[in-house]
Amino acid sequence: MSRPQFDPSAYAAQLEDKKSRLAGLLAPFAAPAPEVFESPREHYRLRAEFRLWRETGNEKRHYAMFEQGDKHTPILLEDFPIASRRINELMPRLKAAWADPALGFKLFQVEFLTTLAGDALITLCYHRPIDDAWRQAAEKLAAELGVNLVGRSRGKRIVVGRDYVEEELSVAGRRFRYRQPEGAFTQPNGEVNQKMLGWAYEALGQRDDDLLELYCGNGNFTLPLATRVRKVLATEISKSSVNAALANLADNAVDNVSLVRLSAEELTQALNEVRPFRRLADIDLKSYAFGSVFVDPPRAGMDPDTCELARRFERILYISCNPETLAQNIAQLHDTHRISRCALFDQFPYTHHMESGVLLERR
């Protein structure tokens, strides 16, 4: 993880630059002006990863980060203003604890995962085998800090407490509970994530047809969007994300979602009846009356075949972490769909990265 340049006084200008950049990328498609959703200026990041750096000539170690492209010049940290208050509260207490050799010996990396609800999980990574002595020390530390702990060494993983954190997010007046597993993707900026969920919920609107969701992850968007439609068919290929999504659906008593572990390409083959899939044996695809598709693809965007799948739908709700590939995908879809809404979500203040959303509707 590289270190963002933290400068709250520059926030407004940086956000305006992102807005102009997004508007410029979408201008060829006659997009409306983007709705802009700001981030808190500090303490917005719910997860953080630090290397440990040893001072030359002694055993003292520090949290360290690096500038982009420079892995040899550490920036030593005592706190981290962009990280959640919970992470900042835990950093010095964990640092004091690694003086115990059972916890600190050959510890080289620390990962924090927290939630708006106040839950926390710390992952400790080692260049040595961890054993029962580590577990005993970790159980004591977890109780003292009020956290869950995961220890990792080559070929071994020990969990103290839970291997996930519990989050609560509010969308349109309803609270949704989420399990967010250690090591799996979660949106880093909780406040902005909540705004994204609200925007997607509003943009989709109340429908009497069905929704197809690609790349559903742990069900971040699935839960609120399922309340807007008759049924949802959701796909995801990550096993840990699928398991988390299934648990989240059960925890929230959402019973109109079927989740299958298929790639977008495999689902396209299934919908085209090119080949059967055993994982779809209990799902009657012909029973769905899809009106909308929701996509939240990786940075590479949708491949051309997935774009052609999306083209079948009246409405395409697209959340993107890369505006360049978003624009490329829209260029492929523009002859059949127009942009009726777009939004900028400032998930990553003080960086050039941005999250954006568009609603495309059939012409």
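Here, residue 1 is simply the first one shown, and the rest follow in order.
The backbone N, Cα and C atoms fix where each Cβ goes, and this holds for glycine too.
Under the heading S-adenosyl-L-methionine binding site, Swiss-Prot lists Gln187, Tyr215, Asn220, Glu236, Asp296, citing sequence analysis as support. The active site, nucleophile annotation in Swiss-Prot covers Cys321. Swiss-Prot lists Glu355 with the feature active site, proton acceptor.
Least crowded of the recorded positions (Glu236, Asp296, Glu355), judged by neighbouring Cβ atoms within 10 Å of its own Cβ: Asp296.
For the S-adenosyl-L-methionine site, the Cβ centre of Gln187, Tyr215, Asn220, Glu236, Asp296 serves as reference, and the other residues of the chain with Cβ at most 8 Å from it are Phe185, Cys216, Gly217, Asn218, Gly219, Phe221, Ser241, Ile319. A straight line from the CA of the residue listed as 'active site, proton acceptor' to the CA of Cys321 (active site, nucleophile) spans 5 Å. Largest Cα-to-Cα span within the S-adenosyl-L-methionine-binding set Gln187, Tyr215, Asn220, Glu236, Asp296: 16 Å. The DSSP secondary structure for Glu236 (S-adenosyl-L-methionine binding site) is coil. Across the structure, Tyr215 (S-adenosyl-L-methionine binding site) and Cys321 (active site, nucleophile) are spaced 13 Å apart at their Cα atoms. Other C-beta atoms found within 10 angstroms of the C-beta of Asn220 (S-adenosyl-L-methionine binding site) number 27, with every protein chain shown included. DSSP assigns Glu355 (active site, proton acceptor) to a strand.
Reported as a whole number, the C-alpha separation between Asn220 (S-adenosyl-L-methionine binding site) and the residue listed as 'active site, nucleophile' equals 15 Å. Counting only the Cα atoms, the space from Gln187 (S-adenosyl-L-methionine binding site) to Cys321 (active site, nucleophile) is about 11 angstrom. In terms of local Cβ density within 10 Å, Gln187 ranks first among the recorded positions Gln187, Tyr215, Cys321.
Cα separation, the residue listed as 'active site, nucleophile' to Asp296 (S-adenosyl-L-methionine binding site), rounded: 8 Å.
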